[in-house]
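Structure, as structure tokens:
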Amino acid sequence: MRVPILGTAAGIERYLLELGTITEFPDRAGVTRRLYTEAWQKAQIMIYELMCAAGLEAWMDEVGNVHGRLQGSSDQTILTGSHFDTVVDGGAYDGAYGIIAGIVALSELKARQVPLHRSLEVVAFSEEEGSRFPLTCWGSRALVGKIDTEAMLLCDSQGISLNDAMRSVGLNPSRAHPRRSYDYQGFVELHVEQGSQLEERRKPIGIVGTIFGQERWIVRVRGESAHAGTTRMARRHDALVAASEMVMAVYRLSQNNEAHAIATVGLLQVHHGTANCVPGHVTFTVDLRSAHDEIRRNLALQLRQDFKESGIRHGVEVVAEKHTDTAAVSMSSHLQHLTRDVAENLELDTLFLDSRAGHDAQILGREMPAGMIFVPSHQGISHHAREFTSARDLANGERVLRNVLERAANNRYSEDGGG
Ligand SMILES: [Zn+2]
């Protein structure tokens, strides 16, 4: 590992892009690093080596999270970081930025011999996106001891269980509860916005108020597979036509409630489908989000009713199974104000906004005061190869993060909780 050029805009961008070359599909645009794949493991090692090169005390934990620590005079610890898994054909900035900038920030504080009361730790979470197994925020959930041992039996689309996937990268599934060796007192996550509000309003720094709650479902629709030529319309139990109505119900619900909720069908499969058969078995996903859990619950009920009615109309069986439910979380008001003060001192304009994307801060925010800092995403493009944030915006975010961490490590720390 070359010694990093840390603390400069070029350094952050360079390491981010280098990490972005580690992907499952090098011949495709974008970055794919799903949990416990070979590419994932290569990225894990690169992050570990970067932490060591930056002079941090580095280690990997029982679920593959990578930690880099800068010891202060107390074991009380302020955490920063983000995730290094990606969606399929995602971008180089989502998640990775918060890790690289965190390493740079801690390295700078170390190089300048800034005295720290509390310790600082940057953590690269093993998984957040839910792109391989039907679970999200695996790394941050594990860090706070909030993982379900039943999750070990979950399988990816190839039928490989989480259990076996862990073993394939040398982890022991029976030890998937990392020790919480330090007294974690707060978490600050730096992330690209993944929306266009900051760019449109020309604000270099976003401060997150609430992270939307979200739930994900797998919906199974079972009708009757039949001959496409000889089966008359009245006799058909077409699972795909019924599912299509349900997709439209999701779309309309989203359209009618966009100010406070949003819903998406991102995956639909016709099982054993062929051109000359009426589809008998379809599965699809639903992703439903809102800043208000009560509103989300009501919209979910409404959707279930719509699905039921479509099922009855087409004589098909519909089972909608919820596999993820993450409550909306308010970020610590203390950390929000601290971030605004820091940005003002650096003469960087701020915008307070909510996050419609899920983040690790959502999990940690229930256990400790948490804050999120956003930098602009060009045209709001995210989860895509064209995801881009300028080197200048990347550097601004790191400066804000570094100063927030230094002040959180040394100031009297408010106990306003994560909510
Ligand atoms: Zn992310």
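We count from 1, first residue shown onward.
Placement of Cβ uses the backbone N, Cα and C atoms for every residue, glycine included.
What you see is a predicted model, and the numbers here were worked out from it, not measured in a lab.
DSSP assigns His83 (Zn(2+) 1 binding site) to a strand in the three-state reduction. Every protein chain shown contributes to the tally, and the Cβ of His83 (Zn(2+) 1 binding site) ends up with 29 other Cβ atoms within 10 Å. Annotation comment: TrEMBL describes His83, Asp94, His191 as Zn(2+) 1 binding site.
The Zn(2+) 2 binding site feature in TrEMBL is assigned to Asp94, Glu129, His383. Sequence-distant contacts (6 or more apart, same chain, Cβ under 8 Å) of Asp94 (Zn(2+) 1 binding site) comprise Thr86, Val87, His191, Val192, Gln194, Ser382, His383, Glu387.
Annotated allantoate binding site per TrEMBL: Arg216, Asn276, Arg289, in sequence order. Non-local neighbourhood of Arg216 (allantoate binding site): Gly130, Pro134, Thr136, Thr285, Val286, Asp287, Leu288, Lys322, His323, Thr324, each in the same chain, at least six residues away, with C-beta under 8 Å from its C-beta.
Listed in chain order, the extra residues whose Cβ falls within 8 Å of the Cβ center of the Zn(2+) 1 site residues His83, Asp94, His191 are Ser82, Tyr93, Gly95, Ala96, Tyr97, Gly98, Glu128, Glu189, Val192, His359, Asp360. Cβ atoms within 8 Å of the centroid of the Cβ atoms of Asp94, Glu129, His383 (the Zn(2+) 2 site) belong to the same-chain residues Thr86, Val87, Gly90, Gly91, Gly95, Ser131, Gln194, Ser382, site residues excluded.
In the three-state DSSP classification, Arg216 (allantoate binding site) falls within a strand. Figure note: comparing Cβ neighbours within 10 Å for the binding-site residues His191, Arg289, His383, the maximum is reached by His191. When the Cα positions of Arg216, Asn276, Arg289 are compared pair by pair, the longest gap among these allantoate-binding residues is 37 Å.
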